[in-house]
Amino acid sequence: MSSHATANRSSSVASRPALLDAAGLRRALIEAVRKLSPMHLVRSPVMAVVMAGTIVAAIITLTGNAPLGFGLAVTAILLVTVLFGNFAEAVAEARGRGQAASLRRARQDLVARRLASAQAGASETQVPAAELRPGDHVIVSAGELVPADGEIVQGLATINEAAVTGESAPVLREAGTDRSGVIGGTKVLSDQIVVRITAEPGHSFLDRMIALVEGANRQKTPNEIALTLLLAAMTLTFLVVVATLPAIGASVGVKVDPLLLIALLVCLIPTTIGGLLPAIGIAGMNRALAANVLAKSGKAVEVAGDVDVLLLDKTGTITYGDRQASHFHALAGIDADQLREAALLSSLADPTPEGKSIVRLAREQGCTTAEPDQADYLAFSAQTRMSGVDLLHGRQIRKGAADAIRAHVLALGGTVPAELAGRVDQVARNGATPLVVAEGRHVLGVIELSDVVKHGMREKFAQLRAMGIRTVMITGDNPLTAAAIAAEAGVDDYIAEARPEDKLARIRAEQAGGRLVAMVGDGTNDAPALAQADIGLAMNSGTQAAKEAGNMVDLDSDPAKLLAVVEVGKQQLITRGALTTFSLANDVSKYFAILPALFAATVPAMAALNVMQLSSPRNAVLAALIFNALVIPALIPLALRGVRFRPATATALLRRNMLVYGLGGVLLPFAAIKLIDLLLVLDGASWRPAIGLGVATLLLAGAVYAGIATGFAGLSFPAQAEGSLLRDGSGQVRASAWLSQPFTGDGYFQARPSAANYDPMAAAGSNLARSNPALAERVAASTAAVAAREGVTPAQVPADLVTQSGGGLDPQLSPAAAQLQVARVARARGLSVEQVQALVKANTQGRQWGVFGQPRVNVVTLNFALDHAARAP
């Protein structure tokens, strides 16, 4: 599926919920209180120590060993700190439960039609689906729900999997293919199938998904365990340090207030990351599921962020996967009509997109040959690597791989023209796939099948390379074709004419070098490689063996999703690292608040540490504790949604995080603690009017006005208010309809020169006058390049294809500039000129309000429409 393709999605487990609704808030608050149980708190050493401090502070206060008001305030703040930490985890779990609820609706108490055997005519009995066991066979007809997970052993059917994947478009499942797996709870829309059950009751795909998203089976990842141990060690160290302070104070004649000691301990230990750590782990799996990827463990999500090598199938991942016939190349002495007729006849029964495109191209070029009344069609097989047709009077036509056709012709006693090798090599060097056509003992020519590299893949691979991730393309194409596509896509390496064992060998070789490897697979023959890889992303449409072998399952069955999985893993690691940095850094300011409060009264030299000039020791303690508590809920949205991921090297990420979260973690608490201290000492006489006026102004100007303007825009123009965003089939934002962006490949319309690569200098004024020779030379060179690309004369090139727009990022073209590109795009896409022209017309915008401006074509929305049309059935 294209990175631009759109899809009609129903309510899905992958839909991204709001952070929390009212009902979810109530449940999370109740759950936060329940998590005060010692059995839960012991799993978080930091929060356990804070809770212990809360109990000790309460005892000290109630026994009269501390001022009642101050003691109760400290106790309450410490309790709220623990509740906030529990609340963060409860919110993350609540979001998971919301996703699980939609899955439960797909699970029903079904009645299955169990067969005595898989043989035709076997008797059937009706039994509850809960009684089905692995190895049982059931029959499912159109309109019925699949009773349990299994594999189709007879028949084929279209199935609606929206209840599980959220994708409303039906999918085809067929016995004996890599798309034979079916999921319990999905609905058969057509035909009838026999399914062999593969899952025990309670262990189905839906059951595992529900358990995972609810967190019942969530295990801590290795990094999470390591960080928990580090936090426990730091907590123990600070506990020992604080425990020795009374003795040290007594030796110099200083009596230390026990409540201040508890406050010091809580401020020393990393409570922020301690409270947010469980939520970060749960949110990581939720983000994977939001991309419609089921991670079987949190470890899989985390490892995805550390991968060094990506093994990617060419078809469907790097290219669109729907190769289309673009040219017929007849050999010397062969009439082009003869080649077209032979290609058409050999493809009439070919159900593949390639076969259909051959028939379509032959018809478009004038071939009117009717389908023969009597013909024996030979289907393509991996062994023969060719297909064809046997007609009356001994006429045999074959098409297939060059070496297979060569061997076939030689076996019949024919000869292979020397010209053929050159033709095949030329097609392969163009990045296309050559199919050779032969009739009897004579080679007629070559069919060129063109596959288009997905838009943005080259830039995506460049980003991965910048992060230190190598990409390896796996393809069954010959080495020349593989090399051409690899160069166009920008991958680091490729494996041509790959077999399943080649994938496994490459994974083992990379792992032997100490590298982590990720790959995609959907067939039974991919299972060994999926199991061997550190990240094995199996397609939901694939076989049961592939889904069991992988540690992730893509519900959308989009091979390109592996790139999104890596980003989710990176975001998980970055989020945990950023919040850990912030938590440790903001402890520094709390030292400067608590230490002077402890000793300044009896050790005057300690007053120098009161750099914030806090009003009193008790207010300093309360201000530090209040900030310590409030920072946890303030960071909950960041922990759940994750730190924004931007592709960069490890060094650049470290530098940015240290600057933003390290330096910010040091400076922010100084200001916040000082502000809280000021609020604690307000007498209300002079401050209250000023603060009231300031708050009123802030609310009116910053909230009320902004809310009214935003609300009006959102209600009146909802799409435009959100930026006219365009999303792909997985719901990911790919572009805005009002911002140009670069498109590569002949299958796309090209916009006018602009800052589509977001280099601001590309849209800046050149200061070149119309009479300046440099401007004339630049326009002439651009005009010649466009003319060569479109196959026209320079005089036919409209001016807007070679000149920038005033805004620099405008995606519109004149209708004439779009019309010039129609023929090229139609050829590359395998669409008719009429189809492309219809899409151009549909994406042409008229005059503004019918009066102002000129008609214009939106190139971005047009290219999105093309991506959808090229894969429409």
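Glycine is treated like the rest: Cβ placed from N, Cα and C.
TrEMBL annotations:
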{"type": "DOMAIN", "residues": "117-214", "note": "domain 'P-type ATPase A'"}
{"type": "TRANSMEM", "residues": "44-62", "note": "transmembrane segment"}
{"type": "TRANSMEM", "residues": "68-88", "note": "transmembrane segment"}
{"type": "TRANSMEM", "residues": "225-248", "note": "transmembrane segment"}
{"type": "TRANSMEM", "residues": "260-280", "note": "transmembrane segment"}
{"type": "TRANSMEM", "residues": "591-614", "note": "transmembrane segment"}
{"type": "TRANSMEM", "residues": "620-640", "note": "transmembrane segment"}
{"type": "TRANSMEM", "residues": "660-682", "note": "transmembrane segment"}
{"type": "TRANSMEM", "residues": "694-717", "note": "transmembrane segment"}
Under 8 Å between C-beta atoms and at least six residues away from its ends: which parts of the chain pack against the transmembrane segment (620-640)?
19, 70, 73-74, 77-78, 80-81, 84-85, 87-88, 91-92, 95, 259-260, 263, 266-267, 271-272, 275-276, 279-280, 283, 286, 575, 579, 582, 586, 590, 593-594, 596-597, 610, 612, 614, 669, 672-674, 676-677, 680
Contact ranking winner - 44-62, 68-88, 260-280 against the transmembrane segment (225-248), Cβ under 8 Å:
260-280
Contact set, same chain, for the transmembrane segment (44-62): CB under 8 Å, 6 or more residues outside the stretch:
36, 38, 68, 71-72, 74-75, 78-79, 81-82, 85-86, 228, 231-232, 235-236, 239, 258-259, 262, 265-266, 269-271, 273-275, 277-278
Arithmetic mean of per-residue pLDDT over the domain 'P-type ATPase A' (117-214):
80
Checking distant contacts: for the transmembrane segment (260-280), what same-chain residues at least six beyond its ends satisfy Cβ-Cβ under 8 A?
43-47, 49-50, 53, 56-57, 74, 78, 81, 84-86, 88-89, 91-92, 224, 227-228, 231, 234-235, 238-239, 241-242, 245-246, 572, 575-576, 579-580, 582-584, 586-587, 590-591, 593-595, 597-598, 617, 621, 624-625, 628, 631-632, 635-636, 639-640
How do the residues of the domain 'P-type ATPase A' (117-214) split into helix, strand and coil according to DSSP?
17 helix, 36 strand, 45 coil
